[in-house]
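These come from TrEMBL:
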{"type": "BINDING", "residues": "HIS78, ASP111, ASP174", "note": "Mn(2+) 2 binding site"}
{"type": "BINDING", "residues": "ASP111, GLU146, HIS424", "note": "Mn(2+) 1 binding site"}
{"type": "ACT_SITE", "residues": "GLU145", "note": "active site, proton acceptor"}
{"type": "DOMAIN", "residues": "188-345", "note": "domain 'Peptidase M20 dimerisation'"}
{"type": "SITE", "residues": "HIS207", "note": "site 'Important for catalytic activity'"}
Amino acid sequence: DFPILGSDSVQPVPRFRQELFRMMAVAADTLQRLGARVTSVDMGSQQLPDGQSLPIPPVILAELGNDPTKGTVCFYGHLDVQPADQGDGWLTDPYVLTEVDGKLYGRGATDNKGPVLAWINAVSAFRALEQDLPVNIKFIIEGMEEAGSVALEELVEKEKNRFFSGVDYIVISDNLWISQRKPAITYGTRGNSYFTVEVKCRDQDFHSGTFGGILHEPMADLVALLGSLVDSSGHILVPGIYDEVALLTEEEINTYKAIHLDLEEYRNSSRVEKFLFDTKEEILMHLWRYPSLSIHGIEGAFDEPGAKTVIPGQVIGKFSIRLVPHMNVSVVEKQVTRHLEDVFSKRNSSNKMVVSMTLGLHPWIANINDTQYLAAKRAIRTVFGTEPDMIRDGSTIPIAKMFQEIVHKSLVLIPLGAVDDGEHSQNEKINRWNYIEGTKLFAAFFLEMAQLH
């Protein structure tokens with residue numbers, strides 16, 4: 001078993017990197033013992049803004065079987081995790097896998113070590129039974145997903161005509177169901193454009209008694225800029241932002257109607273008093289097929305307890321827009337910049353404003369009639385005895401779009417975790433039932449893929 005350790009890729013600290021290297025070595029050893037041919041690809045080092053350099057953990061490329069009469073399925077997973085600290089509200093040590101009432105708690109339990117291990121278990125089941133694998137299996141496992149998959153795109157590009165040349169299908173299991181008990185298949189994700197808007201008067205802060213009333217205050221400018229982006233109903237106010245959003249079809253509306261979502265349960269589990277919309281269909285559409293704009297924070301503002309009478313000399317607002325088909329990252333960047341420049345110019349402020357897009361990730365959508373979607377549906381029927389929810393994901397899984405654009409292979413997302421697993425949050429878990437049934441699901445998927453291929 002993988003010990004759940006501090007394999008945190010987000011915090012650029014040497015001891016976490018050492019843990020990541022150890023984790024990748026454990027995974028490589030596990031796959032070798034299964035009989036896989038394993039290559040650990042040296043990814044070089046990461047240059048950080050403060051000048052220090054940290055080694056990037058290797059990416060594992062592994063192959064089991066090369067029968068030309070069989071289909072080849074490649075599984076992508078990651079072993080790095082988000083930061084976690086028991087003092088932040090964890091009921092158990094986040095780096096010791098702990099079972100409580102049928103729930104397996106630990107950082108990485110659902111994102112993404114549990115699903116990676118379930119896939120390995122499915123493969124090892126055929127080995128234990130001394131049965132031939134129904135399909136050829138490949139693995140690509142990384143340790144930097146939570147930090148933006150540093151250097152992975154270059155590797156995928158380099159291996160496009162080598163490691164990926166014989167791959168027919170790619171599977172990712174790095175998201176969640178939309179309910180607690182009903183399985184799902186994911187066929188689309190939103191993209192993300194992350195922005196900063198900096199307003200600067202000078203490098204130093206001011207005393208509000210000495211300067212209050214005679215300055216264009218950067219914070220007042222910034223609050224006005226951020227307040228101009230979205231209204232109280234969630235509608236984005238940037239002109240032209242909805243122009244390229246895909247038109248809604250009758251067929252698409254019907255897919256939302258078919259999805260099982262108990263709104264009351266969803267609201268209660270989210271601990272939210274009221275959502276912006278009242279119907280299941282509206283909520284799903286605004287999570288998946290319409291863009292959203294979220295304001296994340298302000299750098300440089302006074303945010304400690306107490307009453308400090310300071311005027312910040314320079315502040316940076318942070319916000320992002322979740323993108324949907326057929327929005328274009330560079331078009332959105334121009335629209336947002338133009339809008340903020342217009343709003344700022346009307347304030348006649350003497351401060352300087354700079355808008356930057358720090359991240360631009362495209363949305364991804366798949367064809368649900370591809371072979372592996374049919375195989376996944378059949379496998380879910382076999383293991384769970386029900387039809388899956390066909391869902392999209394409101395968050396961004398950049399690797400999905402990357403595989404689609406570089407490798408040009410059919411890709412499916414088969415989540416194992418329940419909606420309340422709490423990925424990235426305190427007390428992250430995967431249910432024992434999901435983990436065991438998920439392992440069966442992957443094994444059934446191999447068999448269905450073999451039949452359909």
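Yeah, the Cβs are placed from backbone N, Cα and C, and that goes for glycine too.
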Rounded Cα-Cα span from GLU146 (Mn(2+) 1 binding site) to HIS207 (site 'Important for catalytic activity'), Å:
40
Give the sequence-ordered set of same-chain residues, not counting HIS78, ASP111, ASP174, with Cβ within 8 Å of the centre of the Cβ atoms defining the Mn(2+) 2 site.
GLY77, ASN112, PRO115, GLU145, GLU146, GLU423
Roughly how many Å separate the Cα of GLU146 (Mn(2+) 1 binding site) from that of ASP111 (Mn(2+) 2 binding site), to the nearest whole number?
10
List every residue in the same chain as ASP111 (Mn(2+) 2 binding site), at least 6 positions away in sequence, whose Cβ is under 8 Å from its Cβ.
VAL81, GLN82, ASP174, GLY417, ASP421, GLU423, HIS424, GLU428
Take the C-alpha atoms of the residue listed as 'active site, proton acceptor' and HIS78 (Mn(2+) 2 binding site) and report the distance between them in angstrom, rounded.
6
Since the record lists HIS78, HIS424 as binding-site residues, which of them has the fewest other Cβ atoms within 10 Å of its Cβ?
HIS424
Using all protein chains in view, find how many other C-beta atoms are within 10 Å of the C-beta of GLU145 (active site, proton acceptor).
23
CB-centroid shell, 8 A cutoff, Mn(2+) 1 site ASP111, GLU146, HIS424, site residues removed:
VAL81, GLN82, GLY108, ASN112, GLU145, GLU423
Could you say which of the recorded positions GLU146, ASP174, HIS207 has its Cβ with the most other Cβ atoms inside 10 Å?
ASP174
Per-residue pLDDT averaged over the domain 'Peptidase M20 dimerisation' (188-345) comes to what?
96
